[in-house]
């Protein structure tokens, strides 16, 4: 009987500890990434995929505004989970003889083969 009680108490303690650990990790994750919030891009912001999105943003802006911007580099990349992913990119581009920073928002829904430039403007900083 004593052995049975020992095992029941041990199992209850282990379960309680496991639950506490899971809740602690859950709260930690909530603090670092709020659903729908903009956060720094995980991984390499200069990956081929992100560079491709930056080049797409410049290409679309050039078409829409009849401009000739030339991509130089990605300065900063952030993402936001929406119905898909909204990429917030700060990029450097050459306009004539000047190099300037621009901010672009590109909305991507990979399961629909959808990519759209939502915003493109010269950076104030």
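Every residue gets a Cβ built from N, Cα and C, even glycine.
Positions annotated as signal peptide by Swiss-Prot, on the basis of sequence analysis: 1-22.
What Swiss-Prot lists as site 'Reactive site' is 36, and the listing cites similarity to another entry. In the three-state DSSP reading, residue 36 (site 'Reactive site') counts as coil. Counting Cβ atoms from all protein chains shown, residue 36 (site 'Reactive site') has 9 others lying within 10 Å of its own Cβ.
Annotation comment: Swiss-Prot describes 36-124 as domain 'Cystatin'.
Per Swiss-Prot, the feature motif 'Secondary area of contact' maps to 80-84; the stated evidence is similarity to another entry. In the motif 'Secondary area of contact' (80-84), the DSSP tally of helix, strand and coil residues is 0 helix, 4 strand, 1 coil.
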